[in-house]
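Trainee: In case it's useful when we look at the structure, here is the feature table from Swiss-Prot:
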- 4, 7, 39: [2Fe-2S] cluster binding site (BINDING)
- 1-55: domain '2Fe-2S ferredoxin-type' (DOMAIN)
- 58-198: domain 'FAD-binding FR-type' (DOMAIN)
- 201-303: region 'Catalytic' (REGION)
């Protein structure tokens, strides 16, 4: 316990002194204000606590699958239809929890387009099955932004066993999500989250890779399409090869429409057919070497 720092509460009275396990997540100033990690507080008598207001706005919805398409070899874009007349009042950078029932799913039933099947066949991934005996819940960040109304959009990477340990069980929730087809029902709850942009004029630097695209897309679309922000911002995205890039037309359009926004992609394993002349390597290194190292005040940026 105490490792994720997500269960913050404000203790008004009771609970004893803050524990060393909490100090990685809570500053001395926050501790003086009563901030604690709920999982680390021993309840031995009556206490007075204050919970974040957004917790009381959490609801549950049964959604319908609009589409569930591959955007990369191991990433699907799941689009869910919110029930008519309902809204999920999330902020960019937020997440929902998705529920999956007990199931037995065969990877051989997955719909994987021909262009992405090479690696699936190479690593014999269609042999796997996901067997789950109880309901499960997992969290996923929204890829859409608040003004893409009526939907929830997720980028979900299938959690296959690693090549050096092929006998471990595959990811339970990602297997369920990859099995979903148009018209299927899916239950979500939310919204949750604290990964929100600050209301300042500081430069924004977004960095992500793979399915980490989701909150980056949500944030950037929200800044440029809803808020019409004039803040200087850049997006640095990492993918294995050109085939693993997605949403590039969207970001190209945003860059063309907004002179304050640029985006870059680095490929860690470009293929000969890619004819790639852009950045190569891991995106965090590319960001440092080609931008932050010579930036006049990287500490003033918001990441």
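Using N, Cα and C of the backbone, Cβ positions are placed for all residues, glycine too.
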Trainee: Centre the Cβ atoms of 4, 7, 39, go out 8 Å, and tell me which other residues of that chain have a Cβ in range of the [2Fe-2S] cluster site.
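Mentor: Here the nearby residues are 1, 2, 3, 5, 6, 37, 38, 40.
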Trainee: Three states by DSSP: which one describes residue 39 ([2Fe-2S] cluster binding site)?
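Mentor: Once the DSSP labels are grouped into three classes, residue 39 ([2Fe-2S] cluster binding site) ends up as helix.
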Trainee: Give me the non-local Cβ neighbours of residue 7 ([2Fe-2S] cluster binding site): same chain, 6+ apart in sequence, Cβ-Cβ under 8 Å, ordered along the sequence.
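Mentor: Listed in sequence order: 37, 38, 39.
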Trainee: Could you tell me the mean pLDDT over the domain 'FAD-binding FR-type' (58-198), as a whole number?
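Mentor: Taking every residue of the domain 'FAD-binding FR-type' (58-198) together, the mean pLDDT is 97.
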Trainee: Counting by DSSP secondary structure, give me helix, strand and coil numbers for the region 'Catalytic' (201-303).
Mentor: 47 helix, 23 strand, 33 coil
Trainee: Tell me which residues of the chain lie with their Cβ under 8 angstroms from that of residue 4 ([2Fe-2S] cluster binding site), as long as they are six or more apart in sequence?
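Mentor: Within the chain, residue 4 ([2Fe-2S] cluster binding site) has no Cβ neighbours under 8 Å at 6 or more residues' separation.
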Trainee: At a 10 Å cut-off from the C-beta of residue 39 ([2Fe-2S] cluster binding site), count the other C-beta atoms across all protein chains.
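Mentor: For residue 39 ([2Fe-2S] cluster binding site), the 10 Å Cβ neighbour count is 15.
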Trainee: By DSSP, how many residues in the domain 'FAD-binding FR-type' (58-198) are helix, how many strand, and how many coil?
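Mentor: Per-class counts: 23 helix, 56 strand, 62 coil.
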Trainee: Determine, from DSSP, whether residue 7 ([2Fe-2S] cluster binding site) sits in helix, strand or coil.
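Mentor: SS state of residue 7 ([2Fe-2S] cluster binding site) = coil.
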